[in-house]
Amino acid sequence: KHQVACWGEQNWGEVPPGCSGLWADSPSPLQNFTKAGESDATRCATREELLRRGCALEEVVEPRGRHQVLEDAPLSDSAEQETVTQLAPQKIALWLRPGEQHSFSVRFKRAEGYPVDVYYLMDLSYSMKDDLENIKKLGNDLLAALRNITKSVKIGFGSFVDKTVLPYVSTVPAKLRNPCPDRYEQCDSPVSFRHVLPLTDNASEFESRVSQQRISGNLDSPEGGFDAIMQAAVCEEQIGWRNVTRLLVFTSDDVFHTAGDGKLGGIYLPNDNQCHLDTDGLYSKSHIYDYPSVGHLAQVLSASNIQPIFAVTGSTLPVYQELSRLIPKSVVGELKEDSSNVVQLISDAYNSLSSTVNLEHFQLPPGVSVAYESHCEGANHSLGGHGGVCSGVHINQLVSFTVTVQADACLEGPHTFALRVLGFTEEVRVELQTLCDCPCGQPEPNATHCSGGHGTLTCGVCSCSPGRVGKLCECELAEATDLEAGCRGRNGTGPTCSGKGQCVCGQCQCNSNVRGQHCECDDTSCERHDGQLCAGQGRCQCGSCLCDEGYTGGACDCSLDTRACLQDGVECSGHGRCVCNKCQCQPGYFDRLCSRCTSCRTPCEEHRDCADCQAFRMGPLSQNCSIACNHTVATVVPEATVNEQWCKEKTDDERILIFLIEGMEGGKVALKVKDKDGEHLEGTSMIVLGLVLGIVVIGLLVIIAYRISVEILDRREYMRFEKERERAKGNEVNNPLYQSATTTVINPRYNED
């Protein structure tokens, strides 16, 4: 009474996109849907295949994706209500068939007066000295500006400089105590991050605590702001964050250190994403953990629902604008040199952030994708894969998103993921399950269909009771082995079930894709072409391809179409025949359309002489041109743009003839010949040769002239040298320097005589 079939384009044991079943509650001529020898796996097929094989349409069970809203509290108009709801529905159960998409709607409405937490994080390096004086006075102004938007506002304060190791700050004890450039000026010791004031609604306390802060200093230009942002985000209890809109105002006048920079100070451990504030509110492990990366910071801020506002000076504005593109739900504002516009900047930034609704998903299971379509009702919208966005949304304006979910494969058990509007803690919990089983109903024990109650009918298949076997549990296990003769061929020889199945109760139960009384018919043994069974243009039936219309051949790889063989209505250029939509050329011919042959002249060679004689009355056909070339018409063109379609042929008298074959004109071939382009190759060669010889001769003359001039100069120098030497000899005679000195000494002994 019951038949079941499951369908899926993939193997049922791998990753099916789902299942479909045949289910009949009343007797039906399709009671035995599977034929003799067919496996129960043949119940799984495409809808078209099941219908072709005779399955009634009403018996095809085809589960589809669906969803059920489990929680859907109404949206609130005001934050003064006891329970504020801005995102709906809150919980959805979703069943997906792998490979198919399913959509549901999510709604969001900004409630008026929704609470806001603002944590002010300030750079206290020495260059921010004048800014600190203005920040000390902004408590009342900032709270007053935000209270124009919402009545519940809290504000906190923290400061940062940089890691207290070289080369970021000077580690000289005196400089650690007072890092100011002027030793007579008092500055606070540098810190990586100091949590000064938890979130409070007391403006006087804010101003009092901030007024106690003093400026500090460091050595290098980049600051350690990323460390401070990370600690402010993960230390929720110390900061005092509520489950409301969270804003982090980051003020600085310089760029930032990021992951990897810590190695300069011997810090190599990556940031551990943990809170390390001591009892004094100081980040105590800045010398152990490196700065966080931009991606790490963006992930933590998004998970904590913190929206950063980067209030920076004009010189660093481009850097922080690029940073803002990498951090979701962040804005950048230009801070004046003395921070005098910080209140207006924060107010404008909050309005910009709160008017942008960005719906994104979190904790998505692997193999599942989500797409969004925004319905903003007058506001600006965008269509995206990772999130839906509506900008310019006003308070109490309803916006909705169509969320489309798709699973690529079956998932093990139920999974849960969340949809959340960035900057808000509310979320939509989606409980996801994939439909990968047949909904066949409850098993029927002792079913009549199973040989009168010898088995349990489940999804149309009998699960036999102990001691019973067979497709319908029709025989006992003890006698099943004596019936194997019925599973062999006609002569009772050969392997049982052709080696492609099992013999049960004297009947073959064939493997998948095999059928027949003795499993002799294999629907996967047909010829393949390009790796596809029957070339993908037919279906395999018992080892033979049944080709689709327009195809033939053992593998359905031969197309009966002839359009690829035709050109101007001529099949294979008259030199071959069309077989399987491809030309088979006669001997000596080749090319796709058999248009060329080894002994044939090319069209350019064939029409060269006619173009020459008709255009210039030259060439071998010049004497009988009108008779020999009555099938062509040549036109001389003075100027033409020559490309690869033009013929460039060498004539018998060494000229280059350039012409174009344009096709038929009045039954004749039209030729367009370029005028006076046939210069003699010999004349060209002589010109080239003359130029080469001229260059060589001129070069030799230059070398000879150079050598002669050098020789003349050498001779002149030598003659000058000889004259100087002769003159030097004459001077030696009269010059006392060159005469020998004589000294006369008188001996006194001889003088007495």
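Backbone N, Cα and C define each Cβ position, glycine as well.
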Checklist outcome for this item: Correct disulfide partner for Cys547 among Cys540, Cys556, Cys558, by TrEMBL, is Cys556
Next on the checklist: What does TrEMBL give as the disulfide partner of Cys462, choosing from Cys450, Cys475?
Outcome noted: Cys450
Next on the checklist: What does TrEMBL give as the disulfide partner of Cys519, choosing from Cys510, Cys521, Cys526?
Outcome noted: Cys510
Item to check | Other CB atoms, at most 10 A from the CB of Cys534 (disulfide bond) | outcome: 24
Next on the checklist: Please compute the mean pLDDT of the model over the domain 'Integrin beta subunit tail' (604-682).
Outcome noted: 82
Checklist outcome for this item: If you tally other C-beta atoms within 10 angstroms for each of the disulfide-bonded residues Cys376, Cys410, Cys464, Cys508, Cys526, the top scorer is Cys508
Next on the checklist: Which one is it, among the disulfide-bonded residues Cys436, Cys585, Cys604, that lies nearest to Cys647 (disulfide bond) by Cα separation?
Outcome noted: Cys604
Item to check | Cβ atoms near Cys473 (disulfide bond) (within 10 Å, other residues, all chains) | outcome: 24
Checklist entry - Between the disulfide-bonded residues Cys475, Cys505, Cys604, where is the Cβ count within 10 Å the lowest? => result Cys604
Item to check | C-alpha spacing of Cys475 (disulfide bond) relative to Cys505 (disulfide bond), in angstrom | outcome: 6
Checklist outcome for this item: For Cys613 (disulfide bond), the closest of the disulfide-bonded residues by C-alpha position, picking from Cys390, Cys473, Cys475, Cys503, Cys585, is Cys585
Item to check | Spatial neighbours of Cys497 (disulfide bond), counting only the disulfide-bonded residues Cys503, Cys508, Cys526 and Cα distances within 10 Å | outcome: Cys503, Cys508
Checklist entry - How many neighbouring Cβ atoms, not counting its own, are there within 10 Å of the Cβ of Cys585 (disulfide bond)? => result 19
